[in-house]
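Here is what TrEMBL says about this protein:
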TRANSMEM  20-41  transmembrane segment
TRANSMEM  357-385  transmembrane segment
REGION    398-418  region 'Disordered'
TRANSMEM  421-443  transmembrane segment
TRANSMEM  455-477  transmembrane segment
TRANSMEM  497-530  transmembrane segment
TRANSMEM  542-563  transmembrane segment
TRANSMEM  597-619  transmembrane segment
Amino acid sequence: MGLLSDPVRRRALARLVLRLNAPLCVLSYVAGIAWFLALAFPPLTQRTYMSENAMGSTMVEEQFAAGDRARSLARDFTAHRRKSGALPVAWLERTMRSVGLEVYTQSFSRKLPFPDETHERYMVSGINVYGILRAPRAASTESLVLTVPCGPDSTNSQAVGLMLALAAHFRGQIYWAKDIIFLVTEHDLLGTEAWLEAYHDVNVTGMQSSPLQGRAGAIQAAVALELSSDVVTSLDVVVEGLNGQLPNLDLLNLFQTFCQKGGLLCTLQGKLQPQDWTSIDGPLQSVQTLLLMVLQQASGRPHGAHGLFLRYRVEALTLRGINSFRQYKYDLVAVGKALEGMFRKLNHLLERLHQSFFFYLLPALSRFVSIGLYMPAAGFLLLVLGLKISSASTLHEAGVGPEEAGKTPGSSPPHPPTQGVGLASLVAPLLVSQAMGLALYVLPVLGQHVATQHFPVAEAEAVVLTLLAIYAAGLALPHNTHRVVSTQAPDKGWMALKLVALIYLALQLACITLTNFSLGFLLAASMVPAAAVTKPSGPRPLYTALLVLTSPAATLLGSLFLWRELQEAPLSLAEGWQLFLAALAQGVLEHHTYGSLLFPLLALGLYPCWLLFWNVLFWK
């Protein structure tokens, strides 16, 4: 405290930070990247453990043995679906009633903001079917959900057959203390969102749906099941939800525990667990798994039907059956026993899952990194912005430029303040930058019909091309704003603008990192170096290339290439560009359809902030 309260010592500390600003920034950035990579190594990663006492033991006897019935129901479902060309609602109702469930249906419709070319849909309408198994030992105050999403092009018949076979098996048991809902949704996530909104009596996405005729208790947990074959070699667990939300870690631990008990091979991000942590191969494989999770969480997309449950404070995950060329093969009985064990343990819960972590990273299925260990990685990157803000503020108050500060000895008195720059001189670049971000957010969807009338493009193509046009138009921003900025103190003008831009970027990245660490870390790792070095003097072509390569769009493009490289399916330049255009369309569509926040964050926040640094670079 004495160091900060003493004016002389405080000025000495400020001069020291100013003199060593560049080395400290480089050291802090390198420390942040190194800390993040070290998260995959055993000193920082911990073994997972069960925190909830009610689920601490797997001493339940799984009795499910209806694998033949599950396969038969799956074949019937496939035949009726092929015959009707849609979800066989009547067959599902009849089959659910035959096993003793209360059966209800829900119709829904949704007009998308523009056609979804990936799934070839625009005006979407469908019917959800769900059956409720009432708990014989308690009132209908709490419930669990087993859901199977069915899309127009998905092959999830085996999951429907297994779900119905499990419902018949559960119906014969008397130990259930919670209602169990067996849900089959049409049109994948759209049907899931319609059912969840109706169940919780809210409407957050503009979905048109009929009210639910039957309800159970408050949903405590949910499992989404996706099976493409009646024989699986492994079960892949998906945890990333909407806007980077994650389920309670105990739910993941429960899945892993019953996979180990039944001898099932379970994977994370499609990768097996490292077997040898003593050599370098194990940590290197965990680095790949960690990067894949960070990229998927940063996208903000719901990577399964479970991702929409998390919005409603329902702990959920998705299980995907994978049938590859591995020598280990498991039938539906093994998968059904794992699900039976999970639901029996969830049936013991006396309260919502809350004792384990909600913020974590997974370098492997059996290891995790808690929030207290991964946050310093982002903190080191944000420290670079803090050092630059301190340096820019000191120079701005002293009235000297960076070049003059470098030539000024530490013991010399500060220069007399020059003529200040009023805040009015910064209004123009701030307003124009934010206006460009608002145009990027609003115009692509609103102007799609105008674009299709004047150009031979479809609506989805018009949205993407409008996005790219507005984004590129921001490059002309400096030529539009530098003429209206006061030129009485040019050095202090761009320094003041950069100080505002640094503060703006630091605040945004700090807030994003607190809610979605993966997104905040990726953006900080890409944008912080360019933000720190950008200035109108020096090697401008180098600064221009660095600023363009670290822009939000370039970060998205680079992330796509990295994601496919880690999946061992590298992209060519043409394929990467097509995937980039598809990702732009899906990002806008998922924002308007499910409420994903990545698109507005980039359009209304980070893109205008990046334009401020672009304006600093071309300051005249």
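Note: Cβ is positioned from N, Cα and C throughout, glycine not excepted.
From a predicted model like this one, the values you see are computed outputs, not experimental measurements.
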Task: Please give the sequence-distant neighbours of the transmembrane segment (357-385): residues at least 6 beyond its ends with Cβ less than 8 Å from one of its Cβ atoms.
output: 25, 28-29, 31-33, 35-36, 39-40, 44-48, 237, 239, 246-249, 252, 256, 266-268, 273-274, 285-287, 289-290, 293-294, 502, 505-506, 509-510, 513, 517-518, 520-521, 524-525, 528-529, 531-532
Field: Chain residues outside the transmembrane segment (497-530) and at least six past its termini with a C-beta under 8 angstroms from it
entry: 29, 32-33, 36, 243-244, 293-295, 297-298, 300, 359, 361, 371, 374-375, 377-378, 381-382, 384-386, 388-389, 392-393, 396, 426, 429-430, 543, 546-547, 549-550, 552, 554-555, 558-559, 598, 601, 605-606, 609-610, 612-613, 615-616, 619
- prompt: Does the transmembrane segment (421-443) reach the transmembrane segment (597-619), going by 3 or more CB pairs under 8 Å (6 or more apart in sequence)?
  reply: yes
Field: Positions whose Cβ lies under 8 angstroms from the transmembrane segment (597-619), at least six residues beyond its ends
entry: 243, 299-301, 429-430, 432-434, 436-438, 440-441, 471, 474-475, 477-479, 481-482, 490, 493-494, 497-498, 500-501, 504-505, 508, 512, 519, 523, 527, 530-531, 534-536, 540, 543-544, 547, 551-552, 587-588, 590-591
